[in-house]
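Working notes for the structure below.
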Amino acid sequence: MGERRRANASRGDKKVANGEKQHVGQWGRAWEVDYFSLASVIFLLAFAPLIVYYFVMSCDQYQCALTAPVLDLYSGKARLSDIWDKTPALTWTAVKIYLAWVSFQVFLYMFLPDILHKFVPGYEGGVQEGARTPAGLINKYQVNGLQAWTITHLLWFANAYHFHWFSPTIVIDNWIPLLWCANLLGYSVATFALVKANFFPTNANDCKFTGNFFYDYMMGIEFNPRIGKWFDFKLFFNGRPGIVAWTLINLSYAAKQQELYGQVTNSMILVNVLQAIYVVDFFWNESWYLKTIDICHDHFGWYLGWGDCVWLPYLYTLQGLYLVYNPVELSTTAAVAVLLLGLIGYYIFRMTNHQKDLFRRTNGNCKIWGKKPKSIECFYVSADGKRHYSKLMISGFWGVARHLNYTGDLMGSLAYCLACGFDHLLPYFYFIYMTILLVHRCIRDEHRCSSKYGKDWKLYTSAVPYRLLPGLF
């Protein structure tokens, strides 16, 4: 194991003919850890689970008033033990529900190869290739997320309106006990990934060791950990069980609103519709997702494993949870405005990504906004010493800003929050978090590209100077 670490650590740089130092295989997470990164990692490991618990507890015990628990503790009206005593414990019912859920998603992922791509025009499913890894490999993936999502939701509606095997409110009725189950899976997966990377990695050349336990545990060591040929940890845990569950969780919230108040408010419908568009878009473009930063940059550790099991399903669905406890009926004008903001944001997000995908598929032999797109050609060297070429487009939305897809994503995120009105801060956490996440991702992605492409990246940033907001940032 020590020899593998030394071998990996020596792969950083290589001399080329002109004597300059050329970065080799330098994308992916860091080889070394600075103090700020280490402090951030330790902070997240210590407090991220508490943040999730605090948000969910605030709704369960304080009607989603974020400051109320702190004020009660400060004033002496409540003690930590009082809050904890009111928190639902882990139950066997929740364990059985969660085990059934995860097992069902594993079954759909592993044992039902995609057939939708055979008769749904425009959909790219089945066996697809990912991007080249730092070690120079191109992995193949079984893309069947849209099929899994469709089957899951057809069964959910069949149960809700015909079979009645379980209540449509089953998720929210067991929401906090399910939180403990999700944490158990998240930590188990992250720990297994750490052990696997050290003792039986899928590809040792795509492992990165820093020598710091906390950083390696959180950010991951293996680039693409797998069990067997097809069970890819990244693809499974990012899409299933988290994102497939996203829309089911929202449907459970809507069912609870109907049960409690006798109606589903237009704000709940808006949240369900706008977030469902995002989820379906994700699975429709799952093969495109194989070329994004999560697959092409991140190693698999606690950040992805626990985050996909806990952070995503619990904090990305806060708007629906808030509306269960605080139903909001928007005016027609406000509802239309929120809908338009969400749809325009989605259009920018989707068309920006579509332009990039079209440009890649055709190697630039296409038209963007009626013209042949302009680009800057770059080269990089993978860890196996091979030289590869890429083109960075500077036309269409990609000529307006380097990450305008993130701008559209943020517009959609804001729409989800605005549907909840302005009485509480809690539903706006998602927009605040996504802003921080995507700005950080901009910087992280550009650091990766700068390491990967060198001086060619500087030419690109000169041609497209803004990241998210033209004229501002």
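Quick reminder: no glycine exception, Cβ is built from N, Cα and C everywhere.
The shown structure was predicted, so the numbers you read here are calculated from the model rather than taken from an experiment.
According to Swiss-Prot, the region 'Disordered' annotation covers 1-20. The feature transmembrane segment is assigned by Swiss-Prot to 36-56, 97-117, 175-195, 264-284, 304-324, 329-349, 419-439, with sequence analysis given as support. What Swiss-Prot records for Lys356, Arg360, Met393, Trp398, Asn405, Tyr406, Asp445, Cys449, Ser450, Ser451, Lys452, Tyr453, Tyr460 is NADP(+) binding site, and it gives similarity to another entry as the kind of evidence.
Structure coloured by features recorded in Swiss-Prot.
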{"residue": "Lys356", "record": "NADP(+) binding site", "Cβ within 10 Å": "20"}
{"residue": "Met393", "record": "NADP(+) binding site", "Cβ within 10 Å": "21"}
{"residue": "Asn405", "record": "NADP(+) binding site", "Cβ within 10 Å": "23"}
{"residue": "Asp445", "record": "NADP(+) binding site", "Cβ within 10 Å": "20"}
{"residue": "Ser450", "record": "NADP(+) binding site", "Cβ within 10 Å": "17"}
{"residue": "Lys452", "record": "NADP(+) binding site", "Cβ within 10 Å": "25"}
{"residue": "Tyr460", "record": "NADP(+) binding site", "Cβ within 10 Å": "20"}
The transmembrane segment (175-195) and the transmembrane segment (97-117) contact flag, 3+ Cβ pairs under 8 angstroms: yes
Lying 6 or more residues past either end of the transmembrane segment (304-324) yet within Cβ distance under 8 Å of it, the residues of that chain are 48-49, 51-52, 55-56, 59, 64, 172, 175, 179, 182-183, 185-187, 189-190, 193, 220, 233-234, 237-238, 241-243, 245-246, 249-250, 253-254, 256-257, 260, 265, 267-268, 271-272, 275, 294, 298, 416-417, 419-420, 424, 426-427, 429-430, 433
Which value in Å gives the longest Cα to Cα span across the NADP(+) site residues Lys356, Arg360, Met393, Trp398, Asn405, Tyr406, Asp445, Cys449, Ser450, Ser451, Lys452, Tyr453, Tyr460 as recorded? 22
Cβ-Cβ under 8 Å with the transmembrane segment (97-117): same-chain residues at least 6 beyond its ends: 123-126, 142-144, 146-148, 150-152, 170, 174, 178, 181-182, 185, 230-231, 236, 240-241, 244-245
